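A.B. asks: Would you mind keeping the following structure in view while I ask a few things?
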Amino acid sequence: MEFGCVIIINSVLLLLVSDSDSHEIKIKDFSESEIYLDSMQLISKSKYPVEKHFVTTEDGYVLTLFRIPGQGPPVLLVHGIGDSSDSWLVLGPNKSLAYRLADNQFDVWLFNSRGNKYSKKHINKISQKKYWDFSFEEMGSKDLPATIDYILSKTSQSKLSYVGFSQGTTIFFVLCSMRPSYNDKIKQAILLAPVATINNIQSPLISLYANIYDKLTFLAEAGVNEVFPSNLLVSTYHAKVCNLRSPLRFFCGLEYYLNFGLKELERLPDSRLPIITSHIPAGGSAKTFLHFLQGYVFKSFCRYNYGVKKNIAVYNSSTPPVYDLSSISAPVTLVVSESDWISTIKDARLIQNNLKNVVRNMVINTTLDFTHLEFVYGERVNSVINDPIIKLMKSF
């Protein structure tokens, strides 16, 4: 789970007046690089075949999928909160999981949840308020079923493999608990940094958000619909500041430490750092972030809490129902790090204890100090994550 950081606003202002080369952002400096390329362009630039597909959900949202076609079995990669399909590509062919899987002949599909920069369309003309009235529940109960059915139809397969990171694990839990028939469509689920209960999250910002939960809820209800959207200015800011040679790299380091517990920017590949950070964030709904925050405030992995009155109208109960992890029957591999602030080892044990078909539980020892972002973006991602995943998937 990832939270945005308000210090970015001050950092952008500092950048505008403190750039060592000039007093303005020179976007053209990066126009030829991968910083501004979308998923399709990134894949093409890396000389892999690529397809773009559109999937319409039962409630009318239009999702964009990217595919690196292969002769092997299909695998679906599902990104974290406020992120996109870019996350599986920005490390380049040598380290990004999408390319590594493609090199091993898998048929790779990249998911984009409703509301991120690739999936912002709806088949009907609806208000912004209505469009953004979704959380991770709709991603799990509507986006994933439509996506899985589409992929299985296109590939003439009965099952696919699933790899989710952070929120990508959360919506898997929602899918398989609320739509249990989809358990039979999952050959295997590899869940990186799983997030359900977040009772023990260690982010220093979580207490701040919890203390102003009522105010944040009021803002969302008052019309703050989208949060942390993809933005050219923010992308350029990250490209300039998230560089180990930048005199302003302190601001990048502080942002990523407070949000993700990343103690050193060097944990991310030096040459790819501006590319990685310029593709984050990709946007999401305020309701999604509030739904995660509710998990911490109310200490429960349950459906969205509207308050007693509306809960009774929506759920026929004063409290929202809990997602029943024990109803999940798909084979699951959990990959957890003892040094992860977001998906903590204590919360992961709660998940493991409630799932009935955990075939593997891989724990990354604290001696590696392997943090949340490193599951997808880390310098050590091949040896710690990708190689074991590929070996595991080949065994199936």
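Cβ from N, Cα, C; glycine included.
Caution: TrEMBL annotation is automatic and unverified by curators.
From TrEMBL, here are the annotated features:
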ACT_SITE  Ser166  active site, nucleophile
ACT_SITE  Asp340  active site, charge relay system
ACT_SITE  His372  active site, charge relay system
DOMAIN    73-374  domain 'AB hydrolase-1'
SIGNAL    1-22  signal peptide
A.B. asks: When you measure from the Cβ of Asp340 (active site, charge relay system), which residues in the chain that are at least 6 apart have a Cβ under 8 Å away?
C.D. replies: Ala193, Gly261, Phe370, Thr371, His372
A.B. asks: Is it possible to get the count of other C-beta atoms within 10 angstroms of the C-beta of His372 (active site, charge relay system)?
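C.D. replies: For His372 (active site, charge relay system), the 10 Å Cβ neighbour count is 29.
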